[in-house]
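Chemist: I am attaching a structure below and will ask some questions about it afterwards.
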Amino acid sequence: DDLMPLTCRGGVPGQEPSRGDVDDALGKFSLTLIDTLDTLVVLNKTKEFEEAVKKVIKDVNLDNDIVVSVFETNIRVLGGLLGGHSVAIMLKEKGEYMQWYNGELLHMAKELGYKLLPAFNTTSGLPYPRVNLKFGVRHPEARTGTETDTCTACAGTLILEFAALSRFTGTSIFEEYARKALDFIWEKRQRSSNLVGVTINIHTGDWVRKDSGVGAGIDSYYEYLLKAYVLLGDDSFLERFNTHYDAIMRYISQPPLLLDVHIHKPMLNARTWMDSLLAFFPGLQVLKGDIRPAIETHEMLYQVIKKHNFLPEAFTTDFRVHWAQHPLRPEFAESTYFLYKATGDPYYLEVGKTLIENLNKYARVPCGFAAMKDVRTGSHEDRMDSFFLAEMFKYLYLLFADKEDMIFDIEDYIFTTEAHLLPLWLSTTNQTISKKNTTTEYTELDDSNFDWTCPNTQILFPNDPMFAQSIREPLKNVVDKSCPRGISRAEESLGSGPKPPLRARDFMASNPEHLEILKKMGVSLIHLKDGRVQLVQHAVQAASSLDAEDGLRFMQEMIELSSQQQKEQQLPPRAVQIVSHPFFGRVVLTAGPAQFGMDLSKQKAGTRGFVATIKPYNGCSEITNPEAVKEKIALMQRGQCMFAEKARNIQKAGAIGGIVIDDNEGSSSDTAPLFQMAGDGKNTDDITIPMLFLFNKEGNIILDAIREYEAVEVLLSDKAKDRATIFKGKMIPNYIIDSNLEMENMDQKSSENDSQKPNSKEAVSESQDAGAGSQKPEGGAESSAVGAADPSPPASSDSAGSSAAQEDPRTAPGPACTPGDSQPQEQPPHTEASSNTHWDSKVQPMESILADWNEDIEAFEMMEKDEL
């Protein structure tokens, strides 16, 4: 059925590992041979075509016990047989080739058509997605017929092949079934938006997936409405297409992007990525006569191809790879061909040349062309789908072919979605279907292009070589830079007249002027409990129709901005570590990162400083207490403005970092997902200080510490630092070493500590300068000291055992074991472990250890509910 170009074998279903839905196209019916028949004639390989037809007639069996996709079998096999028949009778009429041909391909097509008809045995008229070529659908041995859903394109991409089969044979049942399916989809469209969903229940007609676009799952439904009008001349198909097209351009088209939306809420984007199948749409727009958006979208796609050599199966709105595969799809080549036909611009020949060079350079292998497994790495997949020869070769050849290179006039045919050729004269042949006048169902659409039933390039767009270039030029860097925005009304008036409309990227919720503009545009602002802001537009509440239009655009921009922020690369959590007395690094709070400012992962030491609460507390205007903030880490509350605005304000006041505390009472990193602070849609390179986000519960720990101890010092870092690192090179506070607490009291407290935390462990720390007279011995020998593990390790730091293994330098690692000293010291009875230690006579090690325990107890007695 298909070629496996890496292993130089032919793919037969059941003999290779399953590839899921991809295998639905395979039916043990020489798929690639049938799909390529009319390509041979386009390429002027008439002798090879004649031999191929004989092979199909002789060897292909359509009565196989195998389950196949109705959609794929229709467009590839039925379409291939009908396309082969169309060019066969054309060659026979010319008198040189195929003189023996007697409609054998058409007879096979009719046989296949009857094998597909059982799939239509539903109350709705929508076909089952799969059928058994031998047993149909509901037969006990069919192994299919239990499905309830099908895609819109699967049910709506039948009319060309089925109608052509009816017109060729005079058997009307095929066209009737295909029309019924199309009628049902049209009736089930979402009436307020005139959009259709991706998947639909074949029994009830309910939409299962309610997102709508022009890519996978819907694409060829729109294509076949317009082409059915061209081939069959039925006005109702054109009227339906025009209605849908108006909705597409109103909601889905966001030049140069085509983004999926919800059918019931078409102003709300359903995805932040696009799939490669939408690359056919510029070609369809050319056929319809709407050239400008076709050029724009095509140019955007070309920029993606230039970046990755091929069009990824899916890519994000900022043109990053979403799905990295590329199965050599032809849709972009198809649109390139149509745009060249429409404009005559040699630029599109250069585009075609790039496609060919990339195919030869990256996909060509000894036995064919291999699909790309990953466009980023250039790895291959042992797969060459039949559509590569059926479509890609055909469109690329036609792109470069002059009229004299063709043995027939390509303008006498229409392309199916698989690029098979159906003659236009079918429109006047065997018209057995009565046409109903359904014009009253359609909305009057204000679009002059709809007046043109056969678009004429000389009339619809200027015969000017620079026309297409002028449209492409603003999009030259669309992939490498941010998406260009349209010219505002004020810019069009050369800077005079009214102010330009408010842009989403400039909006500040704390700006009264902005709020007034929102009200004028009919946009309401709602503050949600979790701190987010919701925007709702009611066009009827706008001051004028122009303001309502501005409001609509503002909402679209805000959705796009929000989507871009959401799809920013997820950063790992950061840490806020309280390092001042009495915490000394034990308290580590999980913090959310910012997508702007200093990257703490690249700052080994992190940012350390005392915290200070700013005024105003929301940080949305100029800081009024800069003297308190200078050279400190600013604390502020979430809300009222963009995070980037807060950062700029505290940076201007001299802060060395910032912590934003959530204003949503009770929020905690224990229960909420990691929160990232996004930018404001502008360039944030001017923000150089680190910014972190704490949920309300964690933020209150710092606020409580300030109330208790006033001076609170914290460390902002990418992850919790061990205390030896925190205090490296710093003086250990004297009160730790010079503790004169009575032994009995300390024994009692340490016993309390042991009872609270029985899993105390022996701790080993590297000797270092304790800053109080303790000396590291020569040779760098390690010292051992008995110490308790942290009573409650922070969630985002190392476990208790790990924490103990990196003992706090405040326990005075100065009592060092000198080389050769191995006599064990007797330990107090309440300790759990002993160590081989010889204590330096210059310091009192036990006092240091007990002081360490004492600090532990004080720190955690303060936190009654164990906030960690």
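Using the three backbone atoms N, Cα and C, a Cβ is placed for every residue, glycine included.
What TrEMBL records for this protein is below:
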ACT_SITE  Glu72  active site, proton donor
ACT_SITE  Asp219  active site
ACT_SITE  Glu313  active site, proton donor
ACT_SITE  Glu331  active site
BINDING   Thr417  Ca(2+) binding site
COMPBIAS  778-805  compositional bias 'Low complexity'
REGION    746-848  region 'Disordered'
Chemist: Can you name the residues of this chain that are 6 or more positions from Glu313 (active site, proton donor) yet have a C-beta less than 8 Å from its C-beta?
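Modeler: Residues satisfying the criterion: Asp275, Ser276, His322, Trp323, Ala324, Gln325, His326, Pro327.
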Chemist: If you count Cβ atoms within 10 Å of the Cβ of Glu331 (active site), leaving out that atom itself, what do you get?
Modeler: 24
Chemist: Same-chain residues six or more away whose CB lies under 8 A from the CB of Asp219 (active site)?
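Modeler: The answer is Ala153, Leu277, Leu278, Phe280, Phe281, Thr417.
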Chemist: Quick one: give me the count of other CB atoms within 10 A of the CB of Glu72 (active site, proton donor).
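Modeler: Excluding its own Cβ, the number within 10 Å is 24.
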Chemist: Can you give me the Cα-Cα distance between Glu72 (active site, proton donor) and Glu331 (active site) in Å, rounded to a whole number?
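Modeler: About 16 Å separates the two Cα atoms.
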